[in-house]
There are 2 protein chains.
Amino acid sequence: MFFTGLSAFPLTPFHDAGIDEDGFVALVRRLATRGVDSITALGSTGSYAYLTREERRRIAELAVRNAGEVPVVVGIGALRTSHVLERLEDAQTAGVAGVLLAPVTYQALTDEDVFGLFEDVAAASSLPVVLYDNPGTTHVTFTDELYAAIAALPRIASIKIPGVPVDPEAARARIAHLRTILPDDVTIGVSGDAFGAAGLGAGCDAWYSVIAGTVPEPALAILRAARAGDTADATLRSERLQPLWDLFARYGSLRVTAAIAEHLGLVTRSCLPLPIRGLDDAARRDVASVVGTLGLAA
Amino acid sequence: MFFTGLSAFPLTPFHDAGIDEDGFVALVRRLATRGVDSITALGSTGSYAYLTREERRRIAELAVRNAGEVPVVVGIGALRTSHVLERLEDAQTAGVAGVLLAPVTYQALTDEDVFGLFEDVAAASSLPVVLYDNPGTTHVTFTDELYAAIAALPRIASIKIPGVPVDPEAARARIAHLRTILPDDVTIGVSGDAFGAAGLGAGCDAWYSVIAGTVPEPALAILRAARAGDTADATLRSERLQPLWDLFARYGSLRVTAAIAEHLGLVTRSCLPLPIRGLDDAARRDVASVVGTLGLAA
């Protein structure tokens with residue numbers, strides 16, 4: 001089962017002519033040799049919601065072709081169920097190992113709507129599906145009951161949760177409670193990179209990581225410490241990255257990660273899709289300073 | 001200037017095979033003869049965010065072809081600026097009279113991002129543009145400063161605001177304040193149908209109406225009373241529709257309007273795009289009861 005360990009979420013870099021395919025391939029090839037457990041292309045960090053069907057098909061193909069032995073997961077979310085099913089089909093054809101599905105909204109969805117979406121996708125999928133809970137972008141609030149109902153569907157393999165409680169005891173209790181309502185074979189992955197070490201320490205099986213898609217080493221070091229049972233070391237390593245988490249909290253992880261990738265020369269400026277303008281020059285100086293202080297390297 | 005009076009927002013009905021073009025044409029033809037001041041296709045009620053570029057081009061063409069002398073406006077919103085500009089181009093080619101633009105989001109946008117989007121569209125547009133402020137679907141909060149900055153751009157012709165304060169004096173003060181920060185030639189249109197009479201009474205130039213796209217008569221009666229200066233009659237007519245506004249508040253105007261259109265036989269069930277499942281049978285009975293009590297007729 002590959003929905004464990006560290007899943008790295010690469011950017012889908014843009015340039016004037018659209019998708020910067022060479023830039024994307026270079027990001028994936030770097031990740032393929034660094035020891036991450038999976039690569040999730042077309043996550044929120046991969047700007048899936050902004051891409052056409054054709055662009056998404058192309059990115060899925062490029063990810064599979066350049067990830068070596070590392071399993072590739074792709075996001076298939078879209079506003080309309082029929083479009084989600086098309087993207088699922090394209091992902092299957094591209095040869096990915098799994099798919100990630102967030103209930104993207106324009107009109108607010110009821111719990112029945114959200115369940116129906118996952119039911120339709122689970123019925124159509126030949127691949128394992130990750131339930132992607134990202135309230136900051138979807139504005140959907142999952143209840144535990146909805147988690148449990150969706151996780152009981154066939155093909156649902158993992159839940160990507162948005163963080164854990166700050167208090168370690170409360171975090172452990174939260175994950176333990178989720179274990180009681182989820183099937184045994186459904187893994188729990190933490191997201192929100194500032195919660196990575198805490199989530200793993202609380203018993204999460206996976207860390208779905210934004211920063212690992214661009215700068216994997218610090219996240220891999222946290223994962224190794226957590227896997228060795230050295231929660232203190234994992235926590236210390238995460239605390240050392242606090243200036244980075246502060247930038248994420250202030251500007252959002254996507255804009256900061258894009259600025260890091262641009263600063264390190266991995267992609268060209270400006271790599272985000274308009275209307276997202278990316279960080280201004282003052283914020284970029286803050287980012288460059290943190291990259292230097294923390295020794296984040298390409 | 002046609003961004004005044006009653007603008008009717010028709011549904012874009014779906015059926016199993018995709019868009020129900022015949023159903024859409026029938027809705028537009030009905031509206032063309034009822035006396036509305038404009039028809040806004042591909043608004044939120046028209047499910048624009050769920051349609052492909054090709055479907056939106058087709059709906060724009062059908063709207064123009066079947067609206068008679070009534071000016072047609074279409075929504076051009078999309079997550080990515082380049083897609084908004086494509087839809088603008090398609091709308092212009094289709095021969096619409098104006099376009100409606102909401103800052104659709106997946107990643108949260110900064111004020112600079114939102115301004116940049118409108119700046120890019122205003123620069124490219126040969127048509128008047130309505131700034132569409134719909135925080136319930138876009139999760140964007142417009143400040144007055146942002147209204148003023150965007151309204152000062154060329155081509156910005158109207159602002160669609162989400163309701164007015166309940167207190168009539170406060171509503172008048174709100175619209176009067178907006179007048180001081182907006183150019184004289186930018187009209188103000190109220191939305192949120194429960195606020196239609198109050199908004200017109202408070203000095204709004206237009207009512208951007210969901211219900212008028214399916215059942216125009218009660219909205220037209222309110223508009224006529226307001227135009228004649230008979231605020232008491234407009235208010236009374238709106239108060240009579242309170243059971244309808246209650247349904248809108250409970251289930252959302254889109255789901256209720258779709259259920260009304262299905263109940264009246266204007267479109268086939270289920271006319272909303274999945275994953276939006278529409279109302280359940282119990283709620284549909286409530287809708288049918290209100291349609292009967294209020295005498296809402298096709």
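Start at 1 and count along the chain as shown; that gives each residue its number.
Glycine too: its Cβ is placed from the backbone N, Cα and C atoms.
Where the annotation comes from TrEMBL, it is an automatic prediction and has not been curated.
Keep in mind that this is a model prediction, so the values were computed, not measured.
Copied over from TrEMBL:
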ACT_SITE  B:Tyr132  active site, proton donor/acceptor
ACT_SITE  B:Lys160  active site, schiff-base intermediate with substrate
BINDING   B:Thr45  pyruvate binding site
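Straight-line distance linking the Cα atoms of B:Thr45 (pyruvate binding site) and B:Tyr132 (active site, proton donor/acceptor), rounded to a whole number, equals 13 Å. DSSP assigns the residue listed as 'active site, schiff-base intermediate with substrate' to a strand.
Spacing of the residue listed as 'active site, schiff-base intermediate with substrate' relative to B:Tyr132 (active site, proton donor/acceptor) is 5 Å (Cα to Cα, whole number). Neighbour count (other Cβ atoms within 10 Å of the Cβ, all protein chains): 27 for B:Tyr132 (active site, proton donor/acceptor). For the recorded site, B:Tyr132 (active site, proton donor/acceptor), the DSSP three-state label reads strand. Around the Cβ of B:Lys160 (active site, schiff-base intermediate with substrate), 26 further Cβ atoms fall within 10 Å across all displayed protein chains.
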